[in-house]
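Copied over from Swiss-Prot, here are the features:
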| type | residues | note |
| --- | --- | --- |
| BINDING | Gly39, Ala40, Thr41, Gly42, Thr43, Gly44, Lys45, Thr46 | ATP binding site |
| DOMAIN | 26-413 | domain 'Helicase ATP-binding' |
| DOMAIN | 430-596 | domain 'Helicase C-terminal' |
| DOMAIN | 622-657 | domain 'UVR' |
| MOTIF | 92-115 | motif 'Beta-hairpin' |
Amino acid sequence: MERQFEIVSAYSPQGDQPVAIEKLVEGINSGKKKQVLLGATGTGKTFTISNVIKEVQKPTLVMAHNKTLAGQLYSELKDFFPNNAVEYFVSYYDYYQPEAYVPQTDTFIEKDAQINDEIDKLRHSATSALFERDDVIIVASVSCIYGLGSPEEYRELVVSLRVGMEKDRNQLLRELVDVQYGRNDIDFKRGTFRVRGDVVEIFPASLDEHCIRIEFFGDEIDRIREVNALTGEVLAERDHVAIFPASHFVTREEKMKVAIENIEKELEERLKELNDNGKLLEAQRIEQRTRYDLEMMREMGFCSGIENYSRHLTLRPAGATPYTLLDYFPKDFLIVMDESHVSVPQVRAMYNGDQARKQVLVDHGFRLPSALDNRPLTFDEFEEKTNQVIYVSATPGPYELEQSPEVIEQIIRPTGLLDPPIDIRPIEGQIDDLLGEIQDRIAKNERVLITTLTKKMSEDLTDYLKDVGIKVNYLHSEVKTLERIEIIRDLRLGKFDVLVGINLLREGLDIPEVSLVAILDADKEGFLRSERSLIQTIGRAARNENGRVIMYADRITRSMGIAIEETKRRRSIQEAYNEEHGITPKTIQKGVRDVIRATTAAEEPETYEATPAKKMTKKEREKTIAKMEAEMKEAAKALDFERAAELRDLLLELKAEG
């Protein structure tokens, strides 16, 4: 029986949500490939998207630009769809140091990773759900465009078991080993099985506490039961069960033999090429590493870093598009790109960064050239694989607007809250003026966000406010994701009243208690003060009925002008709607709860060693400057302004010393 998406919620669509839902559904049903939902902060974009999914009844991939945001969306969607399969698919690394080689110092960095077992389980749960049912929503980070094993292989290697089926017990054990399950009669955990006489217990890779107990009578399956793995309590009787592979990179034996032959052939060609070019060390290195991997694959059907051979294992030609999570979806599916102004540039950037690192490994004999095909999708490949897309953002980027010129707006908040009024005040005396405003807010038990241009200014301002007795905290780039969540929680609970930072646009900063957002040096045109950044920052004051924004500036820049006009336009639409429907704006009442503890991938941004510029050659300095400028622009594009500002300050120092 086909399951339908159904929303369980005490709310019904309000404000301009019904119109947005109707237009989006109409667009999808009429076959529109791309649509843009411009949803102002706090207008209930997730609820709108949930209603669209319910209306169109299509499996949906919701893409977020980081794990924390994906975690928040997963929690919200799980609340709206308790009877459907809402799954979570993000990188399963708690810590990830990719394999790399630094030729200048002849340093090889082994891949070092710590896999989060819980997230690995959720990833398996996500892929198996796509093969078992249609009512699936998968919330994913951009790791969903990285290579996965072939969905056909994954589907074909499912071990299907039914009551009454003729099956030799030992044959079942062999099949389980073929799909990467290990026999373990003592430490019974996910991805293992154990045998007790005529009873085989299997712990599927996608389950947490339940295992499947298969009871044989001779060569026939007599009974299938779902059992609590810890207590042995029988939870359910089953007529049929499908055991999905314990790894996404699984290959049938005959395919594995062909793959091993092809890898050996490639190795011989590569050795000849390296020896002909006099690269003897590289030749010895690649031969030693590859032969070891081949031996492991012959004996175990698996090796460490097997994903680097994925092109051979799936028998794809060189340069072919890799399989990703998108291939596990049926043809007719929907993609929702949340915060698309960040997600789209992020998808674009993935491929180039990955190739640059791998090319060095190939050149120096650490990997065969085919490893370059274990990669994320290019942007064009991603576009080809998408069916229908909804881009969701308060400030859609140029790409989204170009793809879908007709923007669907959602500006009215169900709470009646308005976009905040904006004051422009002179820079001279800004700190004293700001101090007075802060004290007014503290007296009313409200909170303040202050955004500055440089790290130094943030630190100085924080110190000054502390000295005059204000409870203040400073949010900077070194603060890890989970600490950020703690800081935001403490701000909401009133442990401090003011939060200072460079980049206040990251996730989780929509705080109802904030009634003032102060933007210092608002007239310094640049990536920190672009129209998109300003509109996003202004939105931080839109969850409180007393919300207000103060821009400290001596002139109105083009970006300021656009942001102010757009805010006024939205505010007038909201006021007219409130007047017509007799709505009085009310601050959002939102309980303070712990956000889902999503883990962070420890692929830290590059750090630049403090080599004095005087000791650098002219060429080295130019190279470092070019590299830092490129990284600064990338960081700015991704709205990671703290990192971009840090790099800008380093660049200024470097240029000055040069």
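Any Cβ shown, glycine's included, is placed from N, Cα and C.
Counted over every protein chain shown, other Cβ atoms within 10 Å are most numerous around Gly39 among the binding-site residues Gly39, Gly42, Gly44. Using the Cβ center of Gly39, Ala40, Thr41, Gly42, Thr43, Gly44, Lys45, Thr46 for ATP, the list of other same-chain residues with Cβ within 8 Å runs, in sequence order, Thr48, Ala394, Gln410, Arg413. Annotation note: Thr41 (ATP binding site) sits in a coil segment as assigned by DSSP. Sequence-distant neighbours of Thr41 (ATP binding site) (same chain, 6+ residues apart, CB-CB distance under 8 A): Ala394, Asp510, Gln536, Gly539, Arg540, Ala542, Arg543.
In the three-state DSSP scheme, Thr46 (ATP binding site) is classed as helix. Around the Cβ of Thr46 (ATP binding site), 18 further Cβ atoms fall within 10 Å across all displayed protein chains.
Counting only same-chain residues six or more apart in sequence, the Cβ atoms lying under 8 angstroms from the Cβ of Lys45 (ATP binding site) belong to Leu37, Gly39, Asp338, Val392, Gln410.
Its own atom aside, the Cβ of Ala40 (ATP binding site) has 26 Cβ atoms within 10 angstroms in the protein chains shown.
All chains included, 28 other C-beta atoms sit within 10 angstroms of the C-beta of Thr43 (ATP binding site). Within the domain 'UVR' (622-657), the DSSP-based counts of helix, strand and coil residues read 33 helix, 0 strand, 3 coil.
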